Amino acid sequence: MAELKNDRYLRALLKQPVDRTPVWMMRQAGRYLPEYKATRAEAGDFMSLCKNQDLACEVTLQPLRRYDLDAAILFSDILTVPDAMGLGLYFEAGEGPRFERPTDTIDSIKKLCIPDPEDELGYVMRAVSTIRRELKGEVPLIGFSGSPWTLATYMVEGGSSKAFEKIKKMAYEEPATLHMLLDKLADSVTLYLNAQVANGAQSLMIFDSWGGALSHHAYREFSLRYMQKIVDGLTRHADGRQVPVTLFTKGGGLWLESMAETGCDALGLDWTVDIGDARRRVGHKVALQGNMDPSVLYGTPERIHQEVDQILASYGEGTGHVFNLGHGIHQHVDPERAGSFINSVHELSPQYHK
């Protein structure tokens with residue numbers, strides 16, 4: 001593997017000195033880019049794009065050709081793991097992901113097998129190794145997975161949900177059944193992420209997109225507990241370097257202290273949290289990633305610049321901050337506005353690292 005030329009992102013996650021705040025964007029390889037749309041059209045559909053290692057590599061690299069970013073993130077989907085468990089993932093126009101065979105009974109959960117990441121998920125591993133090779137050491141590669149709770153919401157509901165009725169019913173009516181599912185998912189995700197590291201991922205991120213839908217105590221029982229299990233089982237060194245781990249619960253501002261106790265290296269923040277307040281609460285333990293509202297990218301370059309300035313000032317001096325959006329970039333954002341965002345971070349952040 002080529003030697004890493006820009007390790008700013010990894011250093012910031014480990015709270016080591018950097019010359020400026022590193023920046024990347026969640027969903028930076030995505031529908032806001034015309035070149036992504038062209039490659040997706042070539043693939044035919046979303047999962048065909050994910051399962052073609054060369055096309056997955058191409059879309060991963062596209063934002064790096066446009067922007068001076070400090071990290072690449074594997075192009076894939078959080079639902080690859082449940083798909084590999086045999087649930088029959090498909091995408092309904094206008095409705096998002098669906099499963100042919102939801103796991104909403106104890107019998108269906110008992111039948112689930114933990115997928116072999118090098119077999120059923122081998123296409124992801126081939127994409128990871130291809131991307132790592134093609135990056136040529138320019139920036140580090142982030143691997144990722146959904147959290148057990150978030151994956152379980154799709155598996156039990158049969159797809160996307162707003163109220164999470166089925167899985168919350170299971171949580172309170174049959175908690176042992178849900179714990180069985182979450183336990184299998186934690187084991188599956190641990191294997192999956194470790195395989196990504198073995199194939200070249202240099203940092204890991206766990207996306208807990210729906211943890212914020214849980215009550216204060218239910219979050220600890222059904223989400224955090226299983227992210228803790230994963231963190232405990234992850235490969236934390238590879239290629240002579242630490243492999244930093246970031247946890248991101250959307251709507252998780254209530255639980256930053258508890259999340260920081262897991263032993264992860266960094267926490268992702270959504271835009272509802274003040275990053276300066278988050279630093280005061282947990283900055284002695286973990287780095288922070290975030291957290292501009294993605295909708296700010298609809299604003300003028302001046303408005304974007306102002307928001308970046310405000311977030312940098314709120315975090316303050318020193319390392320331990322990776323600039324990002326508070327969630328994925330919206331598909332209708334002008335790519336030029338994303339460029340304004342990245343340029344503003346480059347321009348404004350060095351003063352905080354003298």
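Including glycine, each Cβ sits where the backbone N, Cα and C put it.
Taken straight from Swiss-Prot:
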BINDING   Arg27, Gln28, Ala29, Gly30, Arg31, Asp77, Tyr154, Ser209, His327  substrate binding site
SITE      Asp77  site 'Transition state stabilizer'
Distant-in-sequence Cβ neighbours of Arg31 (substrate binding site), under 8 Å, six or more positions away: Lys37, Arg40, Gln331
Where the record names Arg27, Gln28, Ala29, Gly30, Arg31, Asp77, Tyr154, Ser209, His327 as binding substrate, the maximum Cα to Cα distance in Å: 23
Cβ neighbour count within 10 Å of Ala29 (substrate binding site): 24
DSSP three-state assignment for Asp77 (site 'Transition state stabilizer'): coil
Tertiary neighbours of Asp77 (site 'Transition state stabilizer') (same chain, Cβ under 8 Å, six or more apart): Phe46, Met47, Cys50, Pro97
Local Cβ density at His327 (substrate binding site) - other Cβ atoms counted within 10 Å: 21
Greatest C-beta neighbour count within 10 angstroms, which of the binding-site residues Arg27, Tyr154: Tyr154
